[in-house]
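Q: Dropping a structure here in structure tokens format, bear with me for questions.
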Amino acid sequence: MSDRYRNNANLYQGAKDIAREVNQVSDDYRYQDGNYAPSDGYYHDGNEPTQEEDAQSDATEGHDEDDEVYEGEYQGIPHPDDIKGKQKKKAPAMADEFRDKAELIAERMEDEEQLAHQYENIIEECGHGRFQWMLFFVLGLALMADGVEVFVVGFVLPSAEKDMCLSSSNKGMLGLIVYLGMMVGAVIWGGLADKLGRKKCLIISLAINAAFAFLSSFVQGYGIFLFCRLISGLGIGGSLPIVFAYFSEFLSREKRGEHLSWLCMFWMIGGIYASAMAWSIIPHYGWGFSMGTKYHFHSWRVFVIVCVLPCISSLVALKFMPESPRFLLEIGKHDEAWMILKQVHDTNMRAKGEPERVFTVAHIKTPKQIDEFIEIQSSTGSWYQRWLIRIMSTLKQVWDNLLYCLTAQYKMNTLILAMVWFSMAFSYYGLTVWFPDMIRYLQNEEYESRLKTFNREHVTHVTINFTLENQIHRNGVFLNIKFAKMKLKYVTFEDMLFEECYFEDVTSSETVFRNCTILSTVFYNTDLYEDKFIECRFINVTFLHQKEGCHLDFEQENDFLIYLVSFLGSLSVLPGNIISALLMDKIGRIKMIGGSMLISAVCCFFLFFGNSESVMIGLQCLFCGANIAAWNALDVITVELYPTSKRSTAFGILNGLCKFGAILGNSIFASFVGITKVVPILLASSVLVAGGLLALRLPETREQVLM
């Protein structure tokens, strides 16, 4: 009896094993459109022959290979030999922890290559339509916010420097602080977007920008204003690398170059928006309020608030947009990615009037997950220890991504792209700062040519209540003179005698008293502070109720030409942007970069003929229009050269280097204003030629699927 019992037990155990394998095999098949579709990890477009169209199997006829009937065939249970074969195929996957990491990485790379081609087919099936255009405008607003941020400080600086009594060194720091924040922000947010997600990081970065940009419009002190603009730049720095990586993952190969180029137009729109708002708001000094003598909210602060609107609009609209399905597939979230792709497909099909078309994708390949994030239990350690582990793990993954961009596979492309990005930023941002400074310098030269000089004048017993402007008074005498409710603009008093004079409600701009003697004189409610008197002698002089703070003089400082130059410079980009978008997929990215940079270098030489304001404005428009095609192609090729898991990181590194080039270009080019034009022109043109020739060594990517 024991033997019989033992035999029955063995039979029972064997039946259980077969049933278990049957369940495993049946799990590998999913029901789709009335047929059982194998979930083998590959994309099926529905064109494969069905089981009825194919030759009938032995199982359906009730016979095995030797024409013998075995129990369970008619119920569709697989043959034991088939089960053993499947077990052999699955055996290696069950022991990943014992396999070499290099082998796992190789397997993941193979999976990623299969996913790249499969994903391209899926995006083509989803089509290009309403969904992509909605995302286009939402991400365009984020890119517009980046463009606005670059222009804001330049527009408010003439007003803010007087409102906050800024010295020349403080003005220079305020002009560079935004680029510094954007440089750091690009690297940080670009790296985090490859680990935490495109949408999540973009929302956080835009929220930081909006919050601190809004706050900066209310703060009064220079230090806190500088800090707010720094953090604001830190936030908006993430928009550029994330936006291009995000949008590219919803585009097919045929549409990618063109539509990423169209997206670049929003940066130009940001410049136009900032110029138009500055022109219409800042000169209206009355658009503000004051709270006592300490707190002033002038019109330039209203302008800062208005410039936050594109960022806030994009932030709100992003809430209704999905995460990138390509990113979700990279981290193994198959079902979420599938649902988003189905949403894209259905949205586009409904817009095309074909709501009956069915999304035929049953299963999408997901790469093997190697370095998965390990979540510690809530009972382990304190809350800050758990958060510290999460943060350190994420930062290590970001650092690994940074190093990955310098591995043998990507090292050469990364170095070439870095030099091209740097050369573009150094010349472009350097010249765009140099142009307005040169125009201002030409204006000052013309202004000084009309300078009036008064020698040995003797004025007594009169009241002066009109503006004195662009004058020099030497070796004269003012006796019993009343200066009332007037302005002194660019006036110099040298070796003068002021006796029994009365200054009341006087404001001054670029005015100085040098080696003067002042006797029995009263200064009441003026801004003639101690620093405006150089080596002067005071005898029986009284200062009463001096004005507090600095005071704006829009008639001189906020000349509309400042805004007009930026407006026309941004508008001139439009023709180049249209041409580059239409030709991007026809002539290729490499020829576009090289050709645009070489043409821009030629445009630089025309700057030798810029001896008037109108000529300089025209040359700036020519340079910006020729340069934009290279920027567009550079953005496109950067997202196409790197895999999805490293795309945003690589873009962030290169864009951070771009901002460093902008800082360097601004500092160097500005130092030559009024000294010589030769150095800036030769420096910009030579850097552009070198970068353009170097770009020709990059691989062409227009026929490449998005890895």
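Every residue number used here counts from 1 along the chain in the order it is shown.
Positions of Cβ are set from backbone N, Cα and C atoms, glycine also.
Got these off TrEMBL a minute ago, pasting:
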{"type": "REGION", "residues": "25-88", "note": "region 'Disordered'"}
{"type": "TRANSMEM", "residues": "133-160", "note": "transmembrane segment"}
{"type": "DOMAIN", "residues": "135-702", "note": "domain 'Major facilitator superfamily (MFS) profile'"}
{"type": "TRANSMEM", "residues": "172-192", "note": "transmembrane segment"}
{"type": "TRANSMEM", "residues": "201-218", "note": "transmembrane segment"}
{"type": "TRANSMEM", "residues": "224-248", "note": "transmembrane segment"}
{"type": "TRANSMEM", "residues": "260-282", "note": "transmembrane segment"}
{"type": "TRANSMEM", "residues": "302-321", "note": "transmembrane segment"}
{"type": "TRANSMEM", "residues": "415-435", "note": "transmembrane segment"}
{"type": "TRANSMEM", "residues": "560-583", "note": "transmembrane segment"}
{"type": "TRANSMEM", "residues": "590-609", "note": "transmembrane segment"}
{"type": "TRANSMEM", "residues": "615-637", "note": "transmembrane segment"}
{"type": "TRANSMEM", "residues": "649-672", "note": "transmembrane segment"}
{"type": "TRANSMEM", "residues": "678-698", "note": "transmembrane segment"}
Q: Might you confirm whether the transmembrane segment (224-248) is in contact with the transmembrane segment (649-672), defined here as three or more C-beta pairs under 8 A between residues 6 or more apart in sequence?
A: yes
Q: Is the transmembrane segment (678-698) close to the transmembrane segment (172-192), in the sense of at least 3 CB pairs under 8 angstroms with a sequence gap of 6 or more?
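A: By the criterion, they do not touch.
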Q: Can the transmembrane segment (260-282) be said to touch the transmembrane segment (560-583) if we require at least 3 CB pairs below 8 Å and skip pairs under 6 apart in sequence?
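A: Yes; at least 3 Cβ pairs under 8 Å.
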Q: For the transmembrane segment (560-583), which recorded stretch in the set 133-160, 201-218, 302-321, 415-435, 678-698 gives the largest number of Cβ pairs separated by under 8 Å?
A: 133-160
Q: The transmembrane segment (415-435): which same-chain residues, six or more beyond its ends, come within Cβ distance under 8 Å?
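A: Cβ under 8 Å, 6 or more out: 154, 179, 565, 569, 593, 597, 600, 604, 616-617, 619-620, 623-624, 627, 630-631, 634, 637-638, 641, 653-655, 657-662, 664-666, 668-670, 672-673, 680, 683-685, 687-688, 690-691, 694-695, 697-698.
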Q: Average the per-residue pLDDT over the domain 'Major facilitator superfamily (MFS) profile' (135-702) and send me the rounded value.
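A: Averaged over the domain 'Major facilitator superfamily (MFS) profile' (135-702), the predicted model reaches a pLDDT of 82.
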